[in-house]
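Copied over from Swiss-Prot:
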BINDING   9, 10, 11, 167, 206, 227, 228  substrate binding site
ACT_SITE  91  active site, electrophile
ACT_SITE  161  active site, proton acceptor
């Protein structure tokens with residue numbers, strides 16, 4: 001059985017003052033049976049790791065190379081040195097804003113794994129692809145192209161985030177989420193065997209305290225990658241509790 005993971009992606013939000021929200025979350029009554037992850041901006045990783053308690057800290061991206069002339073980029077080794085244990089790779093905002101393709105995501109995932117980080121690999125279809133009826137083909141191809149052969153249930157997490165649901169308040173129906181997650185699970189098992197069965201599959205896209213419980217009741221949903229609702233402990237805490245109760 002896959003472990004449960006509640007992951008928060010702060011994106012480009014937060015300065016040092018915002019770490020009070022992390023401390024509030026860490027000092028609260030976190031339920032057993034759920035791993036909790038916060039991915040703050042890179043400028044906060046070291047300070048966040050010092051204050052996170054049992055909460056894991058991750059980066060939001062890494063370079064595929066370990067070092068070199070790559071101004072503004074961070075290697076997976078650097079993230080690990082700063083205190084990160086996870087890193088998000090291939091988020092749709094990176095794919096869209098920086099032109100990252102599946103081959104780039106695969107190379108970064110390999111780099112993360114080599115550095116000892118858990119890679120949270122993101123995939124998802126656009127609204128046009130959803131309306132064209134090609135969702136399963138699109139996410140299946142992204143999954144195949146983005147994951148290297150060395151994937152295990154310990155070093156990789158897959159997050160399905162329909163691009164049209166991120167930050168829009170729009171959420172797929174539960175049947176639509178189930179269809180995609182069941183297909184992804186089948187693809188993972190076909191390629192990776194037992195590891196594919198136990199690898200956590202997260203849903204992301206406008207997850208909030210009010211809809212988390214029903215989303216976590218969907219088959220093959222092992223947690224969530226949460227954006228805006230992870231910025232405040234008062235919002236993220238109930239999502240974590242809903243996952244624990246699922």
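Cβ from N, Cα, C; glycine included.
Locations of recorded Swiss-Prot features on the structure.
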{"residue": "9", "record": "substrate binding site", "Cβ contacts under 8 Å, 6 or more apart": "39, 60, 88, 91, 204, 225, 226, 227, 230"}
{"residue": "10", "record": "substrate binding site", "Cβ contacts under 8 Å, 6 or more apart": "18, 38, 39, 40, 41, 60, 230, 231"}
{"residue": "11", "record": "substrate binding site", "Cβ contacts under 8 Å, 6 or more apart": "41, 60, 93, 227"}
{"residue": "161", "record": "active site, proton acceptor", "Cβ contacts under 8 Å, 6 or more apart": "91, 92, 122, 123, 124, 203, 204, 205, 225"}
{"residue": "167", "record": "substrate binding site", "Cβ contacts under 8 Å, 6 or more apart": "206, 227, 228"}
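Cβ neighbours within 10 Å of residue 91 (active site, electrophile), excluding its own Cβ and spanning all shown chains: 29. The DSSP secondary structure for residue 228 (substrate binding site) is helix. In the shown protein chains, 21 other C-beta atoms lie within 10 A of the C-beta of residue 227 (substrate binding site).
Residues listed for substrate, 9, 10, 11, 167, 206, 227, 228, cover a largest CA to CA span of 14 Å.
In this structure, the residue listed as 'active site, proton acceptor' belongs to neither helix nor strand by DSSP; it is coil.
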